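S.K.: Feature table excerpt (TrEMBL):
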DOMAIN    A:66-253  domain 'ABC transmembrane type-1'
TRANSMEM  A:12-34  transmembrane segment
TRANSMEM  A:70-92  transmembrane segment
TRANSMEM  A:104-126  transmembrane segment
TRANSMEM  A:132-153  transmembrane segment
TRANSMEM  A:181-203  transmembrane segment
TRANSMEM  A:237-257  transmembrane segment
Amino acid sequence: MKRGLLRGRLLQIYTWLVIAWLVLPIAVMILFGFNDTHGRFNTSWQGFTLKWYGKLFEIGDLTQALVNSLVIAVLTMLVAGVLGSLIGLALGRYRFRGAGAMNLVMFAAISCAEIVMGASLLSLFVTLAVPLGFWTIVISHVMFSISFVAVTVRARVMTLDASLEEAARDLGAGPWTTFRLVTLPMIFPGVLAGSMLAFALSIDDFVITNFNSGGTVTFPLWIWGATRVGIPPQVNVMGTLIFAAGVLIALGNALLARRRANA
Amino acid sequence: MSRLRASLTPYALLFPGTLWLAIFFVIPTVVMLSLSLQSGDVVNGYAFTFNWHSYVDGISTYHDQIIRSLVYGLASTLIQIVIGFPVAYWIAFKGGSRKSVYLFMLLLPFLVSFVLRTISWQFFLSDNGLLLGPLKSAGLVPQDFHILATSAAVIGGLAYNFLPFMILPMYVALERIDPRVLEAAQDLYASKAQTFLRVVLPLSLPGVFAGVLMTFVPATSDYVNASVLGGTSNTMVGNVIQNQFLINQDYPTASALSFTLMALLLVGIFAYARALGTEDVLEVAAR
């Protein structure tokens, strides 16, 4: 009995160690946003300061890169959110010829190596002489996000009871009314989750963006460019703020879900 | 009429998204295939000539990088299974009411940019950094000891970056196991070890497969970890593709290498998809 208890504890300690390993670089990032560094390289601890939070937007290119990332992520969230949700709805609700092929394409898009996706999209743009920049980044982000949104929404749609929609139709609601008043509210949590996933994928993407960005710089690309010359503490601060926002949204989401479950 | 409209509805829903995927995902793959068979150079332009040499030259010049990518991808995937399985197991069976807290902690890294996380490791592991600096000044490791610019650093970085993608599908598979099945095994006098080896492990395999799928592909094709943590002697095929495409603009060679990488990965994926059925893989991947 005692041995079993110990073994249970060991696994628990082990799990916490793995979590600590996963979180360690984040802790390092947050800590060095408070580092009172003076040189170009923010690599050794010089004392605590809040000054980088005050000088957050002093590097013009970096601020512009962050703004680009946010705008692109919002556009991706909206476009991929709508297009992906429609696909998810079709695949989850209807049986039709071609559904298998569609599943296969989405499976390919989800499991395809990012570098292959980025390189082949660049091949298309190069062949057609499309100028690279802001819009080619948006196109690429929507492209790789659609399938993730579709799969998320499809999972939600499949758990729903189709008879509710039939009931709405029996009560005289037209297809559009049924969709607006019955289907959409039911699938909305899935749509929201899928869209947020698209936002997260977009704001974090490096590889595909790197291939299709031209002269436009996003937050990850700016950091990549700065690795050789030293990462300024402002990057740590921005990373910390994005992280904090993500944690708050996730916690808020969980609280809402719990409240809804209790109500 | 309304019958016809009902049967067309799914296609209308699919249309815009499918069009996007067709133009920007399916067609580009074909374009890249054609590009890989062209010859010429940046200045004079390229022409389609069924030029297989890009493949032959690309593979013979960069076979080191290709093999290294597969080895690093496999090694990091195996490490992730070994590290991740006990975590997934513990959360699924002993996590109790706090399961979602543990899962949330596992997902925390995804709230920080992939590039930034990798750079954070570079910074932590650097020759006189947070880890080695104190160890060296305490005399515990020799002065010329380094972790960066080794294959271990790259494999470790890959294992780190994709570990949650390995743990989550394994967790989903383990969590789905009906406790009554385990009780049945015990009722039939199976020992704990037997129950684990002959019931839990086989039932967790779909999760392991899905995890491998979700981590082996990005790990093998990655070039961020190799650039940031690996120095110049541990480059992977992704580094070559990136350089050829974006710096040398040798599109045929770069395309040929991308296609070779894709073919190698596809062989692996199809083996998995056949073993499991695509629907299943997608389902597990979606959770």
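Each residue, glycine too, has its Cβ placed from N, Cα and C.
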S.K.: Quick one: find which recorded stretch in A:12-34, A:70-92, A:104-126, A:181-203 has the most Cβ pairs under 8 Å with the transmembrane segment (A:237-257).
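M.R.: Counting Cβ pairs under 8 Å, the winner is A:12-34.
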S.K.: Who are the long-range neighbours of the transmembrane segment (A:70-92) in its own chain, taking Cβ under 8 Å and residues 6 or more past its ends?
M.R.: 99, 102-103, 106, 134, 137-138, 141-142, 145-158, 183, 187, 190-191, 194-196, 198-199, 201-203, 218
S.K.: Given a Cβ distance threshold of under 8 angstroms, which distant residues of the chain, six or more beyond its ends, lie next to the transmembrane segment (A:181-203)?
M.R.: 69-70, 72-74, 76-78, 80-81, 84-85, 88-89, 141, 144-145, 148-150, 152-153, 155-157, 160, 164-165, 168, 173, 219, 242, 246, 249
S.K.: Go through the chain and flag residues at least 6 beyond the ends of the transmembrane segment (A:132-153) whose CB is under 8 A from any CB in it; none is fine as an answer.
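M.R.: For the transmembrane segment (A:132-153), the list is 68, 72-73, 75-76, 79-81, 83-85, 87-89, 91-92, 105-107, 109-110, 114, 117-118, 121-122, 125, 187, 190-191, 193-195, 197-198, 201-202, 205, 208-209, 211-216, 218.
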